[in-house]
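Undergrad: My structure is below; once you've seen it, I'll send some questions.
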Amino acid sequence: MEPSPASGGSETTRLVSPRDRSSAGGGLRLKSLFTEPSEPLPEGPKLEGMAFHHCHKNRVSQSGLSPERAQARRQLYAACVVCFIFMAGEVVGGYLAHSLAIMTDAAHLLADIGSMMASLFSLWLSTRPATRTMTFGWHRSETLGALASVVSLWIVTGILLYLAFLRLLHSDYHIEAGAMLLTASIAVCANMIMAFVLHQTGAPHSHGPRGAEYAPLEEGHGHPLSLGNTSVRAAFVHVLGDLLQSLGVLAASILIYFKPQYKVADPISTFLFSICALGSTAPTLRDVLLVLMEGAPRSVEFEPVRDTLLSVPGVRATHDLHLWALTLTYHVASAHLAIDSTADPEAILAEASSRLYSRFGFSSCTLQVEKYRSEMAHCLRCREPPKA
């Protein structure tokens, strides 16, 4: 295994087949990128990936966090403070109003605090350097934090749905409509503030050094869509669900304030908007489970990556192409490239790496270069995987 620089400052690893090193008759001889070749390269089209930079150049702050992760940490800290203050107010207001809907909102805020604290811990853990055991570092801890955030909300919501169902069956409860209206109004303001804090409009992305995280490419578009840190995304979805519920609670409190006989609006609003909160977290849960199952990122399809590699001059075939992700924004690829015996392996490696980084935003690529053999066309292990 030999390191090879690639454009964009991302990490690239070159694997050279031993049989290609020792092939008789002048087999593949890899020319060093750091010394002048003994003889000039043959004339041919200039490859766009021939300009290199050192493979470990990146933009990481002294604290070990990339700018995007440092921003995510600040957002989560601010949201935690706002969430705790207004959660305490909702607990008091819900107790005074005897409102299950208000207590439901407070419970969701409590779940948000717990999930954001878990996200902050996972952000800290992800800055730890890679080890010989954890060779990719601790990036996956961010995904686990997002999973814990979603699961905690589902558990709390399930309990509150059960309590709301009991209130629909039994009407022996009283609600202080004035206290409920005031608390619901404050809750709406609190969730709007948290949504503003967590909203990531114009989060930076980079087409240069890969210290900045690439967000998944939006399906059908050619530019990366910056979703920011996974934990902030999960927290933002939480807050959106809470905001919808708070608006529903506010509407119910207005109705109960003017029409006390319609107090059943309290458990009904709890029931309806808890279901909405569950539905709003389903996409995040789906993405997190896909990452944990080592699935290909939803924004990167197999065929375009394969076709990009095959379009490199000198590449005859590709096999063992694998796409996966450590987080929603940290994408990884590996592949074997079978090339012509007369092709320059270094030039092909540079061009293939450059195209993968620039077109798909991979954070890490591992490419193995080997000489093309006719039996590869019939090899069962070299066949493409079937469509899911």
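One is the number of the first residue shown, and numbering goes on along the chain from there.
Cβ coordinates are placed from backbone N, Cα and C, and glycine is handled just like the others.
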Undergrad: What residue among Ser7, Ser63, Ser226 has an entry for phosphoserine in Swiss-Prot?
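TA: In Swiss-Prot, Ser63 carries the phosphoserine label; others show none in the record.
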Undergrad: Is it the same side of the membrane for Thr131 and Ala234, going by what Swiss-Prot records?
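TA: Ala234 and Thr131, as annotated in Swiss-Prot, occupy the same side of the membrane (identical topological domain).
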Undergrad: For the candidates Ser17, Ser66, I need the one that Swiss-Prot annotates as phosphoserine.
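TA: Record annotation (Swiss-Prot, phosphoserine): Ser66.
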Undergrad: What is the pLDDT of the topological domain 'Lumenal' (257-263) when averaged and given as a whole number?
TA: 90
Undergrad: My understanding is the cutoff is Cβ-Cβ under 8 Å with a sequence separation of 6 or more in the same chain; which residues meet that for Asp112 (Zn(2+) binding site)?
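TA: Listed in sequence order: Ala79, Cys83, Leu153, Met194, Ala235, His238, Val239, Asp242.
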Undergrad: Using Cβ atoms only, state whether the transmembrane segment (76-96) and the transmembrane segment (178-198) have three or more pairs under 8 Å that are 6 or more apart in sequence.
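TA: Contact criterion met.
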Undergrad: Tell me the Cβ contacts of His108 (Zn(2+) binding site) under 8 Å, same chain only and six or more apart in sequence, or just say none.
TA: Leu153, Val156, Thr157, His238, Gly241, Asp242, Gln245, Ala277
